[in-house]
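Let me begin by presenting the structure, written as structure tokens, before commenting on it.
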Amino acid sequence: MAAAGGEPSSHNMSDELFQNFISEVKQIEKRDSVLTSKQQIDRLLRPGASYFNLNPFEVLQIDPDATDDELKKRFRALSILVHPDKNQDDPDRAQKAFEAVDKAYKLLLDPDQKKRALDVIHAGKEYVEHMVKEKKKQLKKDGKLLDVEEDDPEMFRQAVYKQTMKLFAELEIKRKEREAKDMHERKRAREEEIEAAEKAKREREWQKNFEETRDGRVDSWRTFQAKGKKSKEKKNRSFLKPPKVKMEQRE
């Protein structure tokens, strides 16, 4: 359906761009799927891999719409390619690459995890489409041609790829922040628990010591009272002793 003036509608243009994007992705996947073992290891361990590899579809180089059978076949082929046994000249890096592939595969086997990954990819695409519309809206307002670089399928693909990676990275940063916060809370709770336990232990020890020395304190108090009583009686007797009477001498 064409818009006024014979131009295709933005909705159809968007669908066309997305189909071109999917086509480009599949071509890249087909090209990269025949990379050598060393090239695949280098790809999976390239600088920034900790963020690039957050996208499991990117790790496995597979289309988000791939079936479970296609996913399984792709995992098997790629895992064999980067397996340490096949790369005995570089086993450490091969092991890390294999772990990245295995992690991505297991994530996509989990329906909830897979859905979250797909949601991020769709959000990246929708964001770029929104930005393209905003750019064209501004160009129309300025009376300029409605041409943007994202009209090029490759540029659109790159824009979606960058935005998707950004979203994956932001989610990972937030996850780490939550994890650090939870760890801090657990540590603080543990410290409070230890402090409470030590306080209770000190109180028990004090009570035990108090009980063990009670008889001695009672005896000491009784002895002290007895001595005080005797001293008081002696003092009273001395005070009440009548004075000597002197006899008068008669002449």
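Cβ atoms are placed via backbone N, Cα and C, with glycine included.
Feature annotations, courtesy of TrEMBL:
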DOMAIN    55-122  domain 'J'
COMPBIAS  178-220  compositional bias 'Basic and acidic residues'
REGION    178-251  region 'Disordered'
COMPBIAS  227-238  compositional bias 'Basic residues'
Model confidence over the domain 'J' (55-122), averaged pLDDT: 95
Helix, strand and coil totals (DSSP H, G, I; E, B; other) for the domain 'J' (55-122): 54 helix, 0 strand, 14 coil
Secondary structure content, the compositional bias 'Basic and acidic residues' (178-220) (per DSSP, counts of residues): 42 helix, 0 strand, 1 coil
